[in-house]
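Here is what TrEMBL records for this protein:
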type	residues	note
DOMAIN	25-129	domain 'SRCR'
DISULFID	CYS54-CYS118	disulfide bond
DISULFID	CYS67-CYS128	disulfide bond
DISULFID	CYS98-CYS108	disulfide bond
DOMAIN	130-232	domain 'WSC'
DOMAIN	236-340	domain 'CUB'
TRANSMEM	377-403	transmembrane segment
REGION	443-502	region 'Disordered'
Amino acid sequence: MAIQALCWSLYALLLLRTCEGVLELRLVDGRNPFEGRLEVRDKDIIGRQWGTVCDDRWGIKDAEVACRQLGFPGAMWAHGGGRFPHGAGRIWLSELRCDGSEANLGECAHGGWETNFCDHSQDAGVICHVPGYLGCYRDFLLPDDRVFYHEYLRTFAMTIQMCTEHCRGLGYKYAGTQRGTECFCGQDEHFARLGNRRKDRECQDQCAGDPDQICGSGYLENSNRLTLYDATMGACGGNLTETDAFIYSPGFPGNYTKHVTCTWTITVPEYHVIDLDFTMLQLSDGDVIAMEDPAAGFRTTFTGDVIPEVGVTCAETLHISFRSASSKTGRGFVMTYQALNRTTVYNESADWREACWPPKDDLLIEPHSHQDFHTNWVLIIGIAVGAGVAVLVLCVMLLAIVLTKRKQQNNRQQVVEMPDVVFENKNTALGLEARTRTRPFAHSTENVYEIPTPSPNAFYESPSSDDGSGTPPGGNEYESSLDFLQGLRESWPPPPPAHEMP
């Protein structure tokens, strides 16, 4: 009997042993990233594939730990098999026994790796609280004692998005749901009077308009529980000056509508940068999110349903816009940002430009970092100045060519129109005339020499000779004069002077 008890004790220790290492978790086949079939794997064992969790002993405490590990503010529901599509492959865990305080599912006791008798019809699932969920709080039932009592709304179509839109439209910061059908609004002073936050599982009433949502609690064990939400959740645009906040698609956690355009502006303190990440991205065809940094001069866009890695933009102001097409609606998106000290970010990187954008390769349009933008502007200014100087030099050269051609054309016209200037020089002793012809603007001088042919009348005429030849007296002298003049004509002109006439 003692041996049998010892065996059962050893079996219990094996059954309830704790996971070694940190488990990786993911949610699969849900309508959005906040819900789905839970799958796990041991990240310390290389090659271990994803597997499911059996729903034996699966409860809200286990779901709370899983949701917190996944980065959500808590768990709405812990579902057994059948709520989400069945998985395939290994069933790694069963008999999970979390107490709700664990930081990750690997700290919870369980029945061992792959030591179960489950099939995939028993795959465990979970619906986590959406970002914007602030917690479960206790408020009073009677109107005179209530903390959240403003702008009371009651309807059997109550949803989270209906309550947040109602309070946001009236200028309130917080929206609280209770008893599945009621909505209350409040400000910071009301939130401060609510007291300590209660356990999430104390708020378990389904919303009358959506059974997958939680709308407080009221009439049963945990009465007068108020589920509190950020009223800005689902707003279409806004100016954000907080050092950390969420940005939601319009109408979140419901679907966004067609034909909608929203713009948000994030402004962080001086000497800070913006660290931005997507928690959810499920856009329909034709719908687009655009981000623009006016200081760095970049613009990038996001589409589809693949969550990109964005990271840090070295800017103090960032514009984000969303535009939905006319075809159909989509689940939407959730982004989170925080302001980081610029010095801290730069010190953590060997090259501070690597700490900022450009983002990863899966972005549609790759932006530039602030340093790249500054360098590009210096380059652009240098190119512009150089181009301006080149154009100016070209214009001066063209003007000089035009003026030179015009001057040459005027010179040719003056040469044609102005007559030659002729200088005459007569040598009366020899009976010669010398003319010098100068062409204006032609830079040349032409010497013209004319020897007049003597006429017989220039000599006296005597009576006929005795022999009847008709030769005048002194005829030999006449012939000698003609021969002299003829020789002089042939040997003229003399050599040119040493320099030309100007």
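Here the Cβ of each residue, glycine as well, is placed from N, Cα and C on the backbone.
The Cα atom of CYS118 (disulfide bond) lies nearest to that of CYS98, taking the disulfide-bonded residues CYS67, CYS98, CYS128 as the candidates. CYS67 (disulfide bond) carries a helical DSSP state (H, G or I). According to DSSP, CYS54 (disulfide bond) is assigned to a strand segment. Each residue contributes its Cα atom, and for CYS128 (disulfide bond) and CYS108 (disulfide bond) these two points are 19 Å apart. Cα of CYS54 (disulfide bond) to Cα of CYS98 (disulfide bond): a span of 14 Å.
All protein chains included, CYS118 (disulfide bond) registers 18 other Cβ atoms within 10 Å of its own Cβ. According to DSSP, CYS128 (disulfide bond) is assigned to a strand segment. Rounded to a whole number, the distance between the Cα atoms of CYS67 (disulfide bond) and CYS98 (disulfide bond) is 13 Å. Taking only the Cα positions, the spacing between CYS108 (disulfide bond) and CYS67 (disulfide bond) is 14 angstrom. Within 10 Å of the C-beta of CYS98 (disulfide bond) we count 22 further C-beta atoms, all protein chains included. Long-range Cβ neighbours of CYS67 (disulfide bond) (same chain, at least 6 residues apart, Cβ-Cβ under 8 Å): PRO73, GLY74, ALA75, VAL126, CYS128, HIS129. As a whole-number mean, the pLDDT of the domain 'CUB' (236-340) in this prediction is 89.
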